[in-house]
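Among the features that Swiss-Prot reports, domain 'SOCS box' is placed at 412-464. Taken from Swiss-Prot, the feature repeat 'ANK 1' covers 115-144. Annotation source Swiss-Prot lists repeat 'ANK 2' at 147-176. As annotated by Swiss-Prot, repeat 'ANK 3' applies to 180-209. Look at Swiss-Prot and you will find 214-243 tagged as repeat 'ANK 4'. The repeat 'ANK 5' feature in Swiss-Prot is assigned to 247-289. If you look up Swiss-Prot, you'll see 293-322 marked as repeat 'ANK 6'. What Swiss-Prot lists as repeat 'ANK 7' is 326-361.
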Amino acid sequence: MLMSWSPEECKGQGEPLDDRHPLCARLVEKPSRGSEEHLKSGPGPIVTRTASGPALAFWQAVLAGDVGCVSRILADSSTGLAPDSVFDTSDPERWRDFRFNIRALRLWSLTYEEELTTPLHVAASRGHTEVLRLLLRRRARPDSAPGGRTALHEACAAGHTACVHVLLVAGADPNIADQDGKRPLHLCRGPGTLECAELLLRFGARVDGRSEEEEETPLHVAARLGHVELADLLLRRGACPDARNAEGWTPLLAACDVRCQSITDAEATTARCLQLCSLLLSAGADADAADQDKQRPLHLACRRGHAAVVELLLSCGVSANTMDYGGHTPLHCALQGPAAALAQSPEHVVRALLNHGAVRVWPGALPKVLERWSTCPRTIEVLMNTYSVVQLPEEAVGLVTPETLQKHQRFYSSLFALVRQPRSLQHLSRCALRSHLEGSLPQALPRLPLPPRLLRYLQLDFEGVLY
């Protein structure tokens, strides 16, 4: 239920209705950081919500990209409008009850948040190239940033290549940081921004320019967003594949941490992640680089369920048993991953780790694993096939829901029938051979003169039943 108070209810006894505490008045009128530059050099910003006359017509013409109207208004000196006129797009009405909010709701806000922009920024963000050219011809400053961002930041974020080119030709700084410490190249992140990045690099943008707080390079951003083409461009232009941000993350760590947004895009996400990781590794990235928490690419790929990436990293020789700062191995990460990893074949991740010498799950933790992954019987199957005995308590059947038992009846019937019972001789032989070759399984198994079917059996091929 929404609650509201009228000014009469909130004002103190004997105080006039429109009275405002001097401190509140100073706080409300305090300029924001982004407005300081403009307030030092010209009149106050035009509030778009209350604008009228030529100011309103100018604002609407810029929004619409009407270059003729913009030109006519700027040609009329009596309007007092200029190419660098600053507009405030915030809503000042929300601050009128500022004093009453403080007193009745105990809410505090130290500054009046202005949202400042210029016609140049609006034209750049909306792709109005001709308006942009007109404003620049009339001496609009390309690096003006009353709201904390330049027009070049806006054009790059929106992916307007033509606007980016116009601004760069006009002298816009390709390495300037915005209020968040990000440079234009950091904002080339969406579809259609590859050409913007190429232009920035051609006009002198630093390929490894770092953001001010996170200390991230553009390659970190491309890797985190799964932008394969941009990562390829940056690497070809000399980006460092092992650059570290403030938390010690390399682009490879960021790439391995790419998450699927839904079950339906899991396969496509893993495919992009694999492309990125292959690209970074071929450029010389360290496959075993650790961050400040000792997390390695393998930990993150396992946690996100990227089976193909796990296989790639293991083929590079990284250890399947390295622990992070919290004592988690890659196998722990795979089994503790989010539920979305179910769509990304966790059984393939688990099998790859076990076939590369990962230490098995402690038997006492198997009931918890069964409860967590009961809807994915292949994951349970591959884990149980590394033991000579099914080490589950007899009451473990209660950990699986009746619906899951019914759906996977054949597998779970075979599983619970083997609790504390001897396994088949064939399975025991597999366990003995794998134990004998422990530490060299990936190299030794393919070299054995065995039929393909038997080789797959030794490599824990899925059968859908336990013997």
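From the backbone N, Cα and C atoms, a Cβ is placed for every residue, glycine too.
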Quiz item: What else in the chain is close to the repeat 'ANK 3' (180-209), if you only count residues 6 or more beyond its ends and a Cβ gap under 8 Å?
Solution: 148, 150, 152-153, 155-157, 159-161, 164-165, 168, 174, 216-219, 221-222, 225, 227, 229-230, 233-234, 237-240, 243
Quiz prompt | Number of helical, extended and coil residues in the repeat 'ANK 6' (293-322), per DSSP | solution = 17 helix, 0 strand, 13 coil
Practice problem: Report the mean pLDDT of the predicted model across the repeat 'ANK 2' (147-176), rounded to a whole number. | Solution: 97
